[in-house]
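*Asks:* Before anything else, here's the structure in question.
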Amino acid sequence: MQSTRSHRLLLSLTRRFLTNRTAGQASPPPLWARGAANAATEEHTTHFGFQTVRESEKEQKVHQVFEQVAQSYDMMNDALSLGIHRVWKDIFVERLGPVHGMRLLDMAGGTGDITFRYLRYLANQPNPKQRLSHVTVSDINQHMLDVGEERAKRLGLTADKLPNSTIAWKCADAEKLPFESDSYTAYTIAFGVRNVTRVDKVLAEAYRVLQPGGRFMCLEFSHLTNETMQWLYDQYSFQLIPPMGQLLAGQWQAYQYLVESIRRFPKQEQFKQMIQEAGFEQVSYENLTFGMVSIHSGFKL
C-alpha cells in the first residue's frame with residue numbers, strides 16, 4: 001500500500017513539474033514548419049561587381065555609385081568606352097528609327113544622352129501631319145535626372161521649345177515602374193540594365209508598359225568576340241580605368257565597380273534568351289566594336 005501511495009505521489013509531482021515548466025511557453029514548431037520559416041527569412045543574394053551582396057543592399061550601393069559619378073558621367077563613359085560611346089549611342093538611336101507620334105520610355109536615361117538624340121532625330125524628320133511625340137526620361141537616381149534636366153535647358157531641349165514633342169522626367173525603379181500598361185511604343189535602356197538587381201523583373205516591366213507592336217532596345221557593354229582583344233580590353237579596364245577614375249573624378253571604387261559589373265553581365269546569347277523568356281519576339285542583337293557593346297532588340301507582338 002505504501003508503495004502504491006508513493007508511486008501516485010511521484011506521478012502527481014511529475015505532472016505538476018511538467019505543467020509548470022511548459023506554462024507560458026509555445027510548443028516548438030514541427031520540423032517542416034521550422035524549415036519553411038528559415039526559408040522565408042533567408043534573403044536572396046546577387047552580385048555587386050565581383051562582390052556577393054543581399055538583393056536589398058545592391059540598389060543602395062548602385063545608387064551611391066551614381067550619386068558619386070553623376071557630375072562626371074560623360075567622363076566615366078569616355079573612360080569605359082575609349083571615347084567612342086557617343087558613336088554607339090548615335091547608332092543605337094538610328095537603329096531605333098524614331099518616327100513622329102512615338103511614345104518613348106528612356107529608362108536609366110538620367111543625363112539625357114539617348115533622349116536628346118531621339119529629339120534631334122525627330123526634329124530632322126518632316127512632320128506634315130503635326131503628330132505629337134513624347135519621351136519620358138526615367139532613372140532611379142534623382143541626381144542623374146537633375147544633371148539631365150540642366151543639360152536639356154542648356155541645349156534648348158525643354159518642353160516649351162520643342163515643336164510637336166513633349167518631355168517628362170520621372171524618378172522611378174525599372175523593376176517597379178509607375179506607368180500604366182500598354183502606354184509606350186518604344187522602351188530604351190542604355191548602359192543601365194547591368195546595374196539593376198533583377199534583370200528579369202526589368203524585362204517583365206518593359207514588356208508590360210509597351211503597347212502591342214512596341215519595341216524594346218538595350219545598349220549595353222558586352223563581351224568581345226576575339227579572345228586576344230578581350231584580354232587586352234580586360235587589362236585596360238582593370239589596370240587603368242580605376243586609377244583614371246581616381247585622378248579625374250576622385251572615385252576609384254565607383255569605377256572599379258563599373259568595370260566589374262561589365263564582366264558580370266551575361267554574354268550576348270544568354271541575354272538574348274532572357275529577353276525571349278520575358279515574352280519578346282523577333283529578338284536579335286548586333287555587336288559594335290567587336291562586341292565591346294551590343295544592341296539588343298525585341299518586339300511585343
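Along the chain as shown, the residues are counted starting at 1.
Cβ atoms here come from the backbone N, Cα and C positions, even for glycine.
What TrEMBL says about a protein is an automatic prediction, not a curated fact.
Dumping what TrEMBL says about this protein:
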BINDING   T111, D139, D173, A174  S-adenosyl-L-methionine binding site
*Asks:* For the binding-site residues D139, D173, work out the Cβ neighbour count at 10 Å and name the residue with the minimum.
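*Replies:* Fewest other Cβ atoms within 10 Å, among the binding-site residues D139, D173, is found for D173.
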*Asks:* Can you name the residues of this chain that are 6 or more positions from A174 (S-adenosyl-L-methionine binding site) yet have a C-beta less than 8 Å from its C-beta?
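*Replies:* A174 (S-adenosyl-L-methionine binding site) has long-range Cβ partners M107, A108, S138, I140, I189, G192, V193, V196, K201, V202, E205, A206.
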*Asks:* Give the maximum pairwise CA distance in Å, whole number, for the residues T111, D139, D173, A174 listed as binding S-adenosyl-L-methionine.
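*Replies:* The span, Cα to Cα at its widest, is 16 Å.
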*Asks:* Specify the count of other C-beta atoms within 10 Å of the C-beta of T111 (S-adenosyl-L-methionine binding site).
*Replies:* 26
